[in-house]
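Engineer: The structure follows.
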Ligand code: HEM
């Protein structure tokens, strides 16, 4: 026994000394390396290789991070500072504040003996860990959020009395973007609808605009929501596929329940694969009713218009990114905020007269499968949203936020849209389970900034310490408090006294809801040729992933009712005969506003890669990085190895770790010969290393070209283009003698997002 103990000690000491030596070697290697300028810094201060041994004051949060406003559960401001809620003391304690001497070893009967039940610290630590997970959202489980501010323009006053829309009024907000179908850990870039939910912490209470990036919905009546979600979620027997609609149950449902065809077409379009949360539109979908100071009402549809324009990935990019960087959108949002490229959207409204039939030019405003084309009712901007702060703690903020379409403020009310009516029930109901009890609005991220006095009492996790003895009305013991606000003058939310037509109780829909196809055709006809091609490709891909031919044939019948060309192209791809529609196609006007293409937008936050060769012409590369950064874009220097190049330039991506899909444009500053790791055995994406160009760079340039990205080259970089088979005499490929000139031209191209002109649509 004694010998065994000695051996164990010798091994332990040897391991310790090996680790220390390795740490010292690593320390020497990294000494002198600058921190790369790319966003993504993990902590407020870079760590040392050696494990810290002395307690220090807690590190401050990173400058880009913010957190929920520090309010009491009843909405009052507090003097509590961020570090006081952050649990970042010098010493480890129990959850009740007793300092701990050792959290590395459990209390045992001898060092080889059984663990003792009396080890209260072990039990507390493990028990808490065992309960760290909460249920994920039943839909929209995968998401990412940020803090920001909304500023009203004041021009909504004639239609809406909500205080947060007043001119210059600043209201703090939290926004959570999401995908719908996937689990919490699914990839960001799947083809799906995106959520765009905003909580406005207004002086009159929280207002939640729980929107999507698609203006119509799959179903007209909320009672069908579980059906579409069950159809879109993975098959219940094998739990596949994750986070996507390319499977039998989804297409089975939408081909039978044809009111889903409009939303499905949007999903199959480029809207289903956004480039970034920052480049998505948002839509409240339903029609809401607004009320002004005089009590007059209007019907409105809410829109979020991104300042950067609406842009998408290509399908191949989306698939590659799903593997290379499943957190692509989450990272993009956080990186943009960290690097000061604050994303912005204008809130806009389409306004309609509040008529008895609740229609506009024949479009039923209560049907959530219909849009009102912007050409008929322009979107009028009424305020500006800017996202300025990343979360300090994902769970506390993004995971625990609870949106609800019933969180309304005076001036904004709901309509009888049967989808919206169900939503009014669903959100609170699901949050009772997800956030374990009825007090979730007291969680810091949900706390209103307006005073709360709701007479709700008790329940799990009650944070308020209610005074008084009479949480009921009427009472005399608490002096009759709280009183009702007398009306709008006292800031009360007053339900609009909408007349309800005399009717019978029935499970039915209005006749106007029966048109399932005219607006799908409208959307299709509004697309440019390249956008149409993407839609054809998406339908063909998704349907070819369905096992059952009957389902494919049924969906082709639906496509025939939308457009014969679309139907024929998809049918050809599937190897099936194209059916013809039995009824005449609806006659509709295209709405050019639905196309994403044809304009120019700011390039803020766009990522430009600069491919360099260690022994090439590195003069001016640092200046280019500065110029790109000065223009609020992000530069990634892509080199053969990490660290610094011979001129001192810091490399952000190696040929091995970089991939075209994270770039919006690429500049080629040299023709790097195959690097020492350019063999398939060392980097699976490397081809045989043939001079003059590293095969990973060749792949990068080929992909950028195929994905219609702007490419610029000068000096020996032009040889790299030739070696990669990238033609130089086509639109979107810029060559020159000076990097700065080439960058200027590439930046102009980037304003249109991509160079679709060089993509031939047959
Ligand atoms: C009757 C139809 C609908 C029902 C029953 C429903 C239900 C739900 C439920 C249960 C959640 C999870 C909420 C949570 O766990 O906190 C959710 C999330 C969400 N829903 Fe709906 N939904 C419906 C329609 C819609 C529509 C039409 C939109 C868009 C206009 C939408 C946008 C969202 C968004 C953005 C989220 C994520 C909120 C977040 O980020 O936490 N939903 N929905």
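Glycine too: its Cβ is placed from the backbone N, Cα and C atoms.
Given the structure is predicted, the values throughout are model-derived calculations rather than measurements.
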Engineer: If you check TrEMBL, which stretch out of 29-76, 77-124 is marked region 'Disordered'?
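Structural biologist: Matching range for region 'Disordered': 29-76.
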Engineer: Determine which of 176, 191, 194 appears in TrEMBL for the same heme site as 137, 225, 423, 427, 434.
Structural biologist: 176
Engineer: Please work out the number of neighbouring Cβ atoms within 10 Å of the Cβ of residue 434 (heme binding site), leaving out its own Cβ.
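Structural biologist: Residue 434 (heme binding site): 17 neighbouring Cβ atoms within 10 Å.
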Engineer: Compute all pairwise C-alpha distances among 137, 176, 225, 423, 427, 434, the residues listed as binding heme, and give the largest one in whole angstrom.
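Structural biologist: Binding-site diameter by Cα atoms for heme: 21 Å.
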Engineer: Under a criterion of Cβ-Cβ distance under 8 Å and sequence separation of at least 6, what residues of the same chain contact residue 225 (heme binding site)?
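Structural biologist: Once residues fewer than 6 apart are set aside, residue 225 (heme binding site) is near 219, 419, 422, 426.
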Engineer: Does DSSP put residue 225 (heme binding site) in a helix, in a strand, or in coil?
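Structural biologist: Reduced to three states, the DSSP call for residue 225 (heme binding site) is helix.
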Engineer: How many neighbouring Cβ atoms, not counting its own, are there within 10 Å of the Cβ of residue 176 (heme binding site)?
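Structural biologist: Residue 176 (heme binding site): 24 neighbouring Cβ atoms within 10 Å.
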Engineer: If you draw a 10 Å sphere on the Cβ of residue 137 (heme binding site), how many other Cβ atoms land inside?
Structural biologist: 21
Engineer: Ranked by the number of other Cβ atoms within 10 Å of their own Cβ, which of the recorded positions 140, 427 ranks first?
Structural biologist: 140
